[in-house]
């Protein structure tokens, strides 16, 4: 319940309902417990997106990153102040460690959406220095969004993930405002891409190898060749020795319709890939509240337009419209396969408890209400694409 007590506004109480509400006394561990179960879904084949929404200074970056996650001071305090991103990375690698060795690989990419343009923060110049380079977004035939020439860094543990992120955070656009002296003026997207080997690929390869060896062994026996195969290959009737000497091909068109399967099997396997997208959105306050001028006005305009586009997308999904306007903003286009489809999306609303920011808080809560109305289709596990030729 929100109490509106400002003098120029009528006294009223507004009610909002969400899955969980955390107060200022709740720890980072308590917040992360709401997220932990989603990470298991990554290894089950689902994309997951966790985003923090709210005005500048409401605690989005603290919720997602924590307070100074890599600085060496007070080890226990440092652990307690870690946000969702470092805790999620640690939990992900813990889950992977319980799987067979080398069954999963993890890559990290870091992007920002600034002034409605996507920048790859891990891109490097000719001297090896990290520089933010602009990238384009494509939509694949399956409806997934793909960033062209995006830089991926392989990682083996959560510490490497946070070191990479911290090394490029200085590239993120910042600007002082009336609300915050170091306000982020871009949307930060950290993506952990998990590639899993198909669980049956190794077993199938062994079966095919065994079948090939059995075929080679049986090819030395005349009685193995059926009359049908001899009729299919007239040359075999005249010189059976030539037929037996050549085991690289079979006259039968298909192993499923013939007793002489072709030994030429090859496996082309598409890796099992899921994405964990962790999004720290820019502040949602209005221009008058931020108090910026000059170039800052354009930044605020781009931020508000992209957040408005995000709200429109959620509204279209909630109303189940035939067209969802993902391409109205680079932010929604980039997150297309994380917001819609069968991916799992969690929105963390960060609001101020003070009357000064009541307008911004009500706007954020309204956004959360719209997100909560989205009834997504039943999630479907992504299957490995396994082709046998």
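Glycine is no exception: its Cβ is also placed from the backbone N, Cα and C atoms.
Those TrEMBL annotations? Automatic predictions, nothing curated.
According to TrEMBL, the domain 'Kinesin motor' annotation covers 1-374. A mean pLDDT of 77 is what the model gives for the domain 'Kinesin motor' (1-374).
Within 10 Å of the C-beta atom of residue 60 (ATP binding site) sit 26 other C-beta atoms, taking all shown protein chains into account. The ATP binding site annotation in TrEMBL covers 54, 55, 56, 57, 58, 59, 60, 61.
Residues or ranges marked as region 'Disordered' in TrEMBL: 236-268 (among others).
What TrEMBL records for 252-262 is compositional bias 'Pro residues'.
As annotated by TrEMBL, region 'Disordered' applies to 369-389 (among others).
Neighbour count (other Cβ atoms within 10 Å of the Cβ, all protein chains): 25 for residue 56 (ATP binding site). Contacts of residue 54 (ATP binding site) defined by a Cβ separation under 8 A and a same-chain sequence distance of 6+ are given as 60, 281, 283, 284, 349, 350, 351, 360, 364, in order along the sequence. Counted over every protein chain shown, other Cβ atoms within 10 Å are most numerous around 57 among the binding-site residues 57, 59.
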